[in-house]
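This report concerns only the one structure given below.
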Amino acid sequence: MILMRAPIVEVFSSIQGEGLLVGRRQIFVRFAGCNLNCSYCDTPESRDPSAGRLFTAPELTEIIEGLITPDFHSISITGGEPLLYPDFITELLEESPHRTLLETNGSLPSNAERIAHLFDYASVDIKIAEHFSDNLRSGTTESDISSPGDLIDREIQVINILISRGVNTYCKVVVMPTTGAGYIGALAERLLECVDEPERLPLVIQPCSPPEQWAQNTPRLLEMSQEAGKYMDVYVIPQMHRALGLR
C-alpha cells in the first residue's frame with residue numbers, strides 16, 4: 001500500500017500563544033503551503049509547499065507521541081493552510097485519541113466539510129482587506145478566491161460547518177493600529193447576522209506583533225472591543241508566545 005505524504009515545515013511542542021486555548025501545552029504540526037498572501041504573516045516560510053519535508057501519517061504520529069508531556073493538552077493542526085490536505089489529515093487523525101485544534105483561514109469550505117468531525121476545537125482567522133498589501137492569493141499555491149468579499153463568505157461557511165459538527169469554534173481577526181473600530185464593529189455585526197448559532201462563536205481581536213507598536217494605540221483596542229461587543233462575545237488577546245520568546 002502506498003501511503004500519502006504531506007509537506008510539513010515543523011513539528012514541535014510549545015505553549016499555545018493565541019486565541020482561547022492560550023496557555024495550553026500543545027504539539028504543533030505545521031503544514032507547508034498556503035493559498036493566501038497575508039501581509040502580517042508570522043510564518044511566511046510556510047506559504048510555499050516546497051518548504052516542507054514530506055511525511056507519512058505514521059511517521060508524524062510517531063513524532064507526536066514522542067513529544068507528549070504530562071501537561072499536554074492537544075494537537076494543533078496549523079500552517080500554512082492545513083485545509084489544503086484533507087485526505088492526509090483524515091489519515092493522520094481518524095484513529096488519534098488526542099484532542100485536536102484546527103487553525104485555518106477558512107477559505108476552503110468543501111475541505112472543511114470533509115474533516116470537521118476530526119476536531120474538538122477550531123480557530124478561524126477572519127481576513128480583512130488591509131491584510132493584503134497586494135494580491136490576496138499566494139503565488140505558490142493554487143486558489144480561486146476572487147476578492148476579500150468572496151473570502152469572508154467562505155469563512156462564514158466554514159464557521160457554520162464547524163459549529164454544526166459540534167466543534168468548539170472561535171474566530172480571530174488580526175488588527176493593526178490603522179484598523180478602524182467601526183470596521184471591526186461592522187464585521188461583528190455581519191457575523192451575528194450570518195452565523196447560524198452566533199451565541200456559540202466568540203470573537204478574538206488579536207493585535208498584530210510586535211506589541212511595541214501598540215504603546216500609543218491602546219485606546220484604539222478598547223474602541224474595537226467596545227464596537228464588537230455590541231454584537232458578540234469578544235476577547236482581546238495578543239500573541240503571548242511572542243512576548244515570552246516561544247515558538
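Including glycine, each Cβ sits where the backbone N, Cα and C put it.
Within Thr78, Thr90, Thr100, the residue that Swiss-Prot lists together with Ile15, Gln16, Gly17, Arg30 for binding substrate is Thr78. Among the binding-site residues Ile15, Gly17, Gly80, the ones whose Cα sits within 10 Å of the Cα of Thr43 (Mg(2+) binding site) are Gly80. Residue density at Cys41 ([4Fe-4S] cluster binding site): 16 other Cβ atoms are found within 10 A of its Cβ, drawing on all protein chains shown. For Gln16 (substrate binding site), the same-chain residues 6+ apart in sequence whose C-beta sits under 8 angstroms from its C-beta are Val22, Gly23, Arg24, Arg25, Gln26, His73, Ser76, Leu101, His241.
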